[in-house]
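The block underneath contains the structure these notes are about, expressed in structure tokens.
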Amino acid sequence: MDLNYLFISLTPSWTSVAMLIGYFLYLATVGSILPGKLVPGATLSDGTRLHYRCNGLLSLLLLVLLLGVGSQMNLVSPTAIADRGLELLSTTFIFSVLVTLMLYLVGLNSRAKSSSLKPHVSGNLIHDWWFGIQLNPEFMGIDLKFFFVRAGMMGWLLINLSVLAKCVIEAKLSQSMILYQLFCGLYILDYFFYEEFMTSTWDIIAERLGFMLVFGDLVFIPFTFSIQGWWLLSNKVELTTAAIIANCLVFLIGYSVFRGANKQKHVFKKDPKAPIWGSPPKVIGGKLLASGYWGIARHCNYLGDLLLASSFSLPCGISSVVPYFYPIYLLILLIWRERRDEARCAEKYKDVWAEYRKLVPYRILPYVY
């Protein structure tokens with residue numbers, strides 16, 4: 001690719017800025033007014049807890065409907081995102097840098113004492129900007145952490161749909177593109193159907209909001225998780241019937257493990273006596289679930305995540321490593337995160353964790369220590 005062309009493509013325009021601002025304004029507006037289940041978050045150290053309005057699925061479906069109608073009326077181009085992909089990438093990256101610098105400055109000057117807003121300052125500017133200073137910063141009553149992860153997941157689907165529209169218009173639609181779009185679409189819709197489960201994840205409960213999370217939500221998720229779609233737009237892949245069936249099985253198994261494990265954990269946190277696979281749950285030390293998927297491996301949900309990521313890339317065949325960026329990255333990330341989780345749990349639960357490790361010796365893969 002010509003470097004001059006690449007530079008021009010990455011240069012933000014007022015159009016890309018307007019698209020990003022319009023997107024955020026839509027999410028802020030409908031997120032506040034559309035009906036949705038009000039889910040209590042985890043109890044924080046000061047005894048308080050946030051409440052999250054989980055109307056992401058309705059917000060997403062309404063947005064797709066409005067964009068579809070707008071496209072039919074020639075008010076918006078269905079390929080607007082695909083045509084300005086690199087431009088939107090750089091615009092969103094610059095926004096992430098600016099908003100996290102603002103979060104850093106606001107947090108630095110905060111005198112709040114609540115667990116959500118109390119500043120945690122190390123004195124290292126890079127560290128505090130990267131990891132964040134405040135746990136749950138807000139803007140005009142909107143919890144920014146929950147808002148950004150919602151924006152990233154919806155953005156992923158919008159990019160995919162725009163790439164799909166471009167593929168159809170250019171008469172390049174293939175079985176590979178259909179499989180990729182189907183798997184990603186189902187995964188994202190499922191995410192928002194179970195959006196309340198997000199409220200019990202580590203990122204929401206314990207991570208402070210800094211560049212790491214904001215960049216991950218707004219840039220990394222939508223723009224790198226969609227690499228397969230971009231790749232298929234320029235590369236034709238013919239899949240055999242056996243390959244299609246195998247790909248579907250990988251997706252279904254991955255989904256079953258991922259969703260099943262996360263659902264069991266979420267239900268257990270809400271009701272520790274709720275049955276798991278039809279039987280009373282086995283609990284270690286009154287704290288740790290050792291039934292269902294969590295009795296097979298200590299981080300079995302990571303296995304499901306890896307299988308799902310692989311199913312998004314398998315439609316691209318094996319001629320290039322580029323479409324496998326996501327599963328390769330995820331493998332490295334989850335191995336690191338699993339080690340971090342192990343250390344944190346050992347420190348938090350002490351003897352209870354040691355007992356759990358004896359009962360469930362496998363880490364991510366069953367029968368693999």
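Placement of Cβ uses the backbone N, Cα and C atoms for every residue, glycine included.
Taken straight from TrEMBL:
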- 12-34: transmembrane segment (TRANSMEM)
- 55-76: transmembrane segment (TRANSMEM)
- 88-108: transmembrane segment (TRANSMEM)
- 147-165: transmembrane segment (TRANSMEM)
- 177-197: transmembrane segment (TRANSMEM)
- 209-233: transmembrane segment (TRANSMEM)
- 239-258: transmembrane segment (TRANSMEM)
- 279-297: transmembrane segment (TRANSMEM)
- 317-336: transmembrane segment (TRANSMEM)
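Ranked by number of Cβ pairs under 8 Å to the transmembrane segment (88-108), the listed stretches 12-34, 55-76, 147-165, 209-233 are led by 209-233. Pairs of Cβ atoms less than 8 Å apart link the transmembrane segment (55-76) most often to 147-165, out of 147-165, 177-197, 209-233, 279-297, 317-336. With a threshold of 8 Å between CB atoms, the same-chain residues lying at least 6 positions outside the transmembrane segment (317-336) that come near it are 176, 224-225, 227-228, 231-232, 235, 237, 239, 299, 302, 305-306, 309-310, 364. With a cut-off of 8 Å between Cβ atoms, the residues of this chain six or more beyond the transmembrane segment (12-34) that come close are 53, 55-56, 58-59, 62-63, 80-81, 84, 87-88, 90-92, 94-95, 140-142, 147, 150-151, 154-155. Under 8 Å from some Cβ of the transmembrane segment (209-233) lie the Cβ atoms of residues 82, 85, 88-89, 92-93, 95-97, 99-100, 103-104, 128-137, 144-145, 148-149, 151-153, 155-156, 158-160, 163-164, 166-167, 170, 172, 174, 176-177, 180-181, 184, 203, 312-313, 315-316, 320, 322-323, 325-326, 329, all in the same chain and six or more residues away from its ends. When Cβ-Cβ distances under 8 Å to the transmembrane segment (147-165) are tallied for each of 177-197, 239-258, 279-297, the top count falls to 177-197.
Counting only same-chain residues 6+ beyond the ends of the transmembrane segment (177-197), those with a CB under 8 A from a CB of the stretch are 37, 39, 52, 54, 56-57, 60, 150, 153-154, 156-157, 160-161, 164, 167, 225-226, 228-229, 232-233, 239, 244, 247-248, 251, 255, 259, 262-263, 266, 308, 311-312, 315-316.
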